Each structure stands twice: as structure tokens, then as C-alpha cells.
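**Student:** There's a structure below that I have some questions on.
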Amino acid sequence: MTSTDSSQATSDRYVVIGNPVAHSRSPAIHAAFARQTGEAVQYDRLEAPLDGFADAVRQFFAEGGYGCNVTVPFKLEAYDLADRLTERAEAAGAVNTLWIEEGLIHGDNTDGIGLVRDIQDNLDTLIEGKRVLLLGAGGAAMGAMLPLIECRPSRIVVANRTASRASDMLEEFVEAADQYGVELWGGGLDALDGLSEDEAVDVVINASSSSLHGEVPPVPEFLLGEGVLAYDMMYGAEPTVFLQFAARCGARTSDGLGMLVEQAAEAFYIWRGVRPRTAPVLAELRAALQAERKG
């Protein structure tokens, strides 16, 4: 047995499970966390059949696996599979982190906390007291809502292509918003044209699928002016078309690479009880993306 084989044999096994999953940067992120913290972690990719997610997870745990990160298209199935859910997983209606505890499968959703930590810690933008515009009302937006509310912004506006879906999503968070003193408003994307400049926002978060399709959400330019942070949950070697548009309008921009690293750090903390430093890992990933762009 080689030294590498020996270290893997004595390391606790974790995976990111999805379909497809070959593109995932999670193994590189968690390998960096393990080196930094000295934790004995082996982290791999696991592609599950589209009709075999639950069986793949159960088999992984039966073979001694410690935890899973869950990516598309299995986050809703992970929610159903978990025996125990955290409050934020219940609020999100989806799970991206699984682990075994006392024989039960536990599920959490670290996407939203990853988002707010990236915005507040890495981008130095305090959310408390700010006005936030959230574009989209799908799973990504659902996962962001409770962590955003817990930051106590003054107002969260949700705008979605289908207005009723935005309103329905906000209904799920009325109680939490009341608890934290947050005003909620939701409607269709076309309703943004009716906002006055007095109703300008401080942070615009694109949680819609528009960037996947190379589309720019119909956001009035005055909402993306100087002093506004425009954030896209997507990331890539090139800025998304939304971020390019926002930059032309004068906004400060950021993609979702930091969110990816921060949600991974939260999962690592859940599993290992050690919170890794994210800044050096984010810098490594950013450099890798820039190298891909030049290549």
C-alpha cells in the first residue's frame, strides 16, 4: 500500500453527489480545507443515477461514509430522504448537506448562510438595515430567504417572472419577517418598472436561472446604480450577462464563487466541528478561474 493509499484508508469519507457531477469544484475546496485544518478527510465525487439518489446515499453511508454534499438535481430528494432537518433546511424546502448522527440521516441547507457570509464578510456589505432585491422565486431564492431575514434588512423585495410564485414564496416567511422586523414585498418582474427612485435598493441578488440562459432580468437601470451591490449566484470564467449589465449601470458586482466556498465551509464545520478560513481558498479558486479565462 502506498502512502497515499494509507492516508485515504484512514481518512473519513465524504462526497458531493449529483448528476452530472464531474464539473464540481467541491473536492478541491474540501481538500484545501482539510490541508488547512489538519482534518483527515477524503472527499470525492459520486454521480448517482437520476432514479437512484436515495439508494446511492444509503449505500454510501452503509459503507462507512460520513457525509454528503448534494447538488443538482437531488436537493429536493435529499430533503425527503433526511430523517431530521435543521430549521433552515425546513425553510428552504431543500437540502444540500447530509450526515449520519445516531443512526439517522440529518439534513441541512448551507446555501443561504453561504450567500450572506460572502456578502457580509468577503464583500464587506452589511445587510442589516439595507433594502434587498431578490430576483427569482425558485429553490435558490427559497434557500436564501431565512438567512437574509435573520440579517435584519429593512426590506426584501422578491421579483419573479411569475408574480404569484413570488407572493406564494413570501407567504412562507411572513412569521420570520415579523420576528426580525423585515418588510416583505413580492411581485412580477414587470412590477419593478413601477418602483420610484425613492424605493431604490442597496443589494440586488440574482437567484433566477437567467444567467444559465445568457439572459438579463428586466431590472430598471436606476436600481443598479452607484453604491448598489449586484450579486449573481452563478459564477464562471467570464462575468455573467447580468453582472456585465449591472457594471455598465454603475453597480459594484460579484459572482457566486464566494457563496460556493462559504456554503462548503459551513458544511465542513457541521461535519468536523472546525471552521476553516475561506479567504485563501476563495483566492485559489479565483486564480484558477482567471487561468481558465486566459486559456
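First residue shown is number 1, and so on along the chain.
Glycine is treated like the rest: Cβ placed from N, Cα and C.
Pulled these features from Swiss-Prot for this protein:
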- K75: active site, proton acceptor (ACT_SITE)
- S24, R25, S26, T71, N96, D111, Y235: shikimate binding site (BINDING)
- E87, G136, A137, G138, G139, A140, N160, R161, T162, A163, S164, R165, M233, G256: NADP(+) binding site (BINDING)
**Student:** Can you tell me how spread out the NADP(+) site is, meaning the largest CA to CA distance among E87, G136, A137, G138, G139, A140, N160, R161, T162, A163, S164, R165, M233, G256, in Å?
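**Tutor:** Output for NADP(+) binders E87, G136, A137, G138, G139, A140, N160, R161, T162, A163, S164, R165, M233, G256: max Cα distance 28 Å.
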**Student:** What does the structure give for the C-alpha distance between D111 (shikimate binding site) and M233 (NADP(+) binding site)? Integer Å is fine.
**Tutor:** 10
**Student:** When you rank A137, G139, N160, T162, S164 by Cα distance to T71 (shikimate binding site), which of the binding-site residues ends up on top as the closest?
**Tutor:** G139
**Student:** Could you check what DSSP calls T162 (NADP(+) binding site) once collapsed to helix, strand or coil?
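**Tutor:** In three-state terms, T162 (NADP(+) binding site) counts as coil.
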**Student:** Count the Cβ atoms, other than its own, that fall within 10 Å of the Cβ of K75 (active site, proton acceptor), considering every protein chain shown.
**Tutor:** 24
**Student:** How many Å separate the two farthest-apart Cα atoms among the shikimate-binding residues S24, R25, S26, T71, N96, D111, Y235?
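**Tutor:** Binding-site diameter by Cα atoms for shikimate: 18 Å.
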**Student:** Between S26 (shikimate binding site) and K75 (active site, proton acceptor), what is the CA-CA distance rounded to a whole number of Å?
**Tutor:** 16
